[in-house]
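Just below is one structure, and these are the notes that go with it.
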Amino acid sequence: MQFSKMHGLGNDFMVVDAVTQNVFFSPELIRRLSDRHLGVGFDQLLVVEPPYDPELDFHYRIFNADGSEVSQCGNGARCFARFVRLKGLTNKRDIRVSTANGRMVLSVTEDELVRVNMGEPNFEPAQVPFRANKAEKTYIMRAAEQTILCGVVSMGNPHCVIQVDNVDTAAVETLGPVLESHERFPERANIGFMQVVRREHIRLRVYERGAGETRACGSGACAAVAVGIQQGLLAEEVRVELPGGRLDIAWKGPGHPLYMTGPAAHIYDGFIHL
């Protein structure tokens with residue numbers, strides 16, 4: 001099987017063309033491939049499939065390193081767009097794809113950044129999903145013998161965003177896994193730790209569902225900005241500084257889609273016998 005290794009701000013992916021190759025990935029195989037000592041090593045596996053709808057260009061599938069399939073990955077979306085152009089699967093700059101729970105438009109700019117229409121953030125608890133009686137801008141949760149204030153949103157996947165004074169000292173390693181699997185998140189969640197530098201600039205670390213802390217989380221950056229705007233903390237255009245680098249997020253508020261712009265890098269191509 002041929003594959004490419006790519007990364008978006010250090011969030012790394014194994015990307016496989018299932019348009020011209022016949023492939024099947026069991027959870028066991030994905031876990032084996034994701035092993036950084038015995039396999040290829042990656043945070044997520046991205047699979048390019050033929051479109052299910054003739055109006056679209058491709059179907060986009062995402063698997064975490066633990067073998068679970070998820071419906072959204074923002075950094076992966078940027079790598080997906082670069083991959084299909086690099087491999088000659090399309091020459092379009094605006095690429096329309098379906099995911100497990102919707103559609104996306106991936107736009108490759110002249111300087112090879114990728115702008116992704118991530119859709120409108122969804123704050124309805126049932127849609128996240130999150131167990132709550134009604135939608136709130138801020139929720140109170142108990143975890144690890146602490147009372148935690150957080151915002152909750154779906155960007156096509158569930159996110160919990162906590163504001164912290166300093167991301168460098170935030171309890172990502174201890175609070176992250178506890179909140180990820182908290183009983184109020186029936187499908188688990190990605191946990192963002194957000195430091196507001198100013199209205200146009202945040203710092204962020206994300207403990208990702210099924211992957212642990214990563215160098216960058218695109219949908220996590222989108223979620224943090226969406227929650228920050230909803231809570232009145234942030235402007236409509238925000239620079240997000242992650243351990244792996246910078247993303248630019250823009251959202252005009254309810255009724256509008258949120259846009260993420262950032263880089264995607266090709267590392268190498270490989271072949272592996274399965």
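Glycine residues also receive a Cβ, built from the backbone N, Cα and C atoms like all the rest.
If you check Swiss-Prot, you get these features:
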- Asn11, Gln44, Asn64, Gly74, Asn75, Asn157, Asn190, Glu208, Arg209, Gly218, Ser219: substrate binding site (BINDING)
- Cys73: active site, proton donor (ACT_SITE)
- Cys217: active site, proton acceptor (ACT_SITE)
- Tyr268: site 'Important for dimerization' (SITE)
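Neighbour density for Cys217 (active site, proton acceptor): within 10 A of its CB lie 34 other CB atoms from the protein chains shown. Around the Cβ of Cys73 (active site, proton donor), 31 further Cβ atoms fall within 10 Å across all displayed protein chains. When secondary structure is read from DSSP and collapsed to three states, Arg209 (substrate binding site) falls in the coil class. If you compare Cα positions, Tyr268 (site 'Important for dimerization') sits closest to Asn11 out of the recorded positions Asn11, Asn64, Cys73, Arg209, Cys217. Here the Cα atom of Asn190 (substrate binding site) is found 9 Å from that of the residue listed as 'active site, proton acceptor'. Distance noted between the C-alpha atoms of Arg209 (substrate binding site) and Cys73 (active site, proton donor) is 11 Å. Distance noted between the C-alpha atoms of Asn75 (substrate binding site) and Cys217 (active site, proton acceptor) is 6 Å.
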